[in-house]
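Asks: Got a structure for you, questions after.
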Amino acid sequence: MSQKGSVKKAVLAYSGGLDTSIIVRWLIEEYGCEVIAFAADVGQGKELDGIPEKARQTGASKCYVEDLREEFVRDFVFPMFRANAIYEGRYFLGTSIARPLISKKQMEIALAEEAEAVCHGATGKGNDQIRFELAYYHFNPEIKIIAPWREWDLNSRESLIAYANKHGIPVPVTKKRPWSSDRNLLHISFEGGVLEDPWAEPPEDMYLLSVSPEQAPDKPEYVEIEFRNGDPVSINGESLSPAQLLAHLNELGGKHGIGRADIMENRFVGMKSRGVYETPGGTILEEAHRGVEQITMDREVLNLRDSLIPRYATMVYNGFWFAPEREAMQAMIDETQKTVNGVARVKLYKGHCRVVGRKSETNSLFDPEVATFEADEVYNQADAEGFIRLNALRLRIRSAMQKKHG
């Protein structure tokens, strides 16, 4: 049913890919409204080439292209990595963490353009629709949201490609490579197509950021990453901006085949889906961050922060970045990171990265005089007996009761 007249102007989160290329034309035909395209540069690289021209060719009146790379890494990726947030123990949340920033900027443009509506290209089965729309409502509780995938009858990749061909819309997708991808400075994700068979191995030519571990260099490479207050600030002694630092780690990790993950994850909407991810720089960063934390954080503080990881990661995955509980958790996590100052030395080799050295000039809690296995005068080993007996009390009581009652 036509919606013409209900909206005069809409701002579309535009990627130039299959869905959003078609949505520009569809919005004009279905709603009869002016369409303003917005493309967020969060590290897609050449994927953004020609975006303004493509948007205008398909009917958009304007196209904003905003360079958000530094803000993305500084204000979204780094805070998340202070929490060591990994969803279900595998997914580094590369797509999830980009959506709040894209939505934030999209809403700023909608306000400046006096647009009544915002629009996204997320499907009605996925998580992104939730992530976008929760953020939209955070910034404007009364905003009108248009989600074409929940309205139109173009319900498959094949039908979308046919629609595009019919209307002369160029799209960078062919039937030979039908899977979809989403790329930013933190990762690239792949889903759909051959990946919908959970038994099928991803084709090697799908990967874009990393070489196969089998084809990686035969010689390991070492990298030193410095952290201040839980954030990385330099690589091998060279200070870099947040976006530069992550981009450099992506190059190093990709060269050594680091950061590939093939995951069957649980979507917020209730279904399982398969995603294949490349997160080379993020994988190195998480390992290095852990290394510095281990030498600088108090045991109980570390355990407390780690207990929050599943909840924090799930909030980001489900789209609750702007929720008060995430902000409260972030404040606590950031407090724990004030002592995370130091350097981790990481070994990169054939798909693996591991910390092989860590140090902190200002916040190390490691005391070699206490930890040594050699003779020392700091630690009286006889004291351990009472400590053990006290901690064993509940176990001894339980054992005695079991014997008493058979």
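Glycine too: its Cβ is placed from the backbone N, Cα and C atoms.
Quick paste of what Swiss-Prot says about this protein:
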| type | residues | note |
| --- | --- | --- |
| BINDING | Ala13, Tyr14, Ser15, Gly16, Gly17, Leu18, Asp19, Thr20, Ser21, Ala40, Gly121 | ATP binding site |
| BINDING | Tyr91, Ser96, Asn127, Arg131, Ser180, Ser189, Glu265, Tyr277 | L-citrulline binding site |
| BINDING | Thr123, Asn127, Asp128 | L-aspartate binding site |
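Locate each feature and note its surroundings.
Replies: With a 10 A radius on its CB, Ser21 (ATP binding site) counts 27 other CB atoms from all the protein chains.
With a 10 A radius on its CB, Ser189 (L-citrulline binding site) counts 21 other CB atoms from all the protein chains. DSSP assigns Ser189 (L-citrulline binding site) to a strand in the three-state reduction.
Around Asn127 (L-citrulline binding site), the same-chain residues six or more apart in sequence whose CB sits under 8 Å from its CB are Ser96, Arg267, Phe268, Val269, Tyr317, Asn318, Gly319, listed in sequence order.
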Asks: Compare the C-alpha of Asp128 (L-aspartate binding site) with the C-alpha of each of the binding-site residues Ala13, Ser21, Glu265, and give the closest one.
Replies: Ala13
Asks: Between Glu265 (L-citrulline binding site) and Asp19 (ATP binding site), how many Å separate their Cα atoms?
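Replies: Here the two Cα atoms are 23 Å apart.
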Asks: For Ser15 (ATP binding site), list the number of other Cβ atoms lying within 10 Å of its Cβ atom.
Replies: 23
Asks: Would you give the longest CA-CA distance, in whole angstrom, between residues of Ala13, Tyr14, Ser15, Gly16, Gly17, Leu18, Asp19, Thr20, Ser21, Ala40, Gly121, the set recorded as binding ATP?
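Replies: Result: 16 Å between the two most distant Cα atoms.
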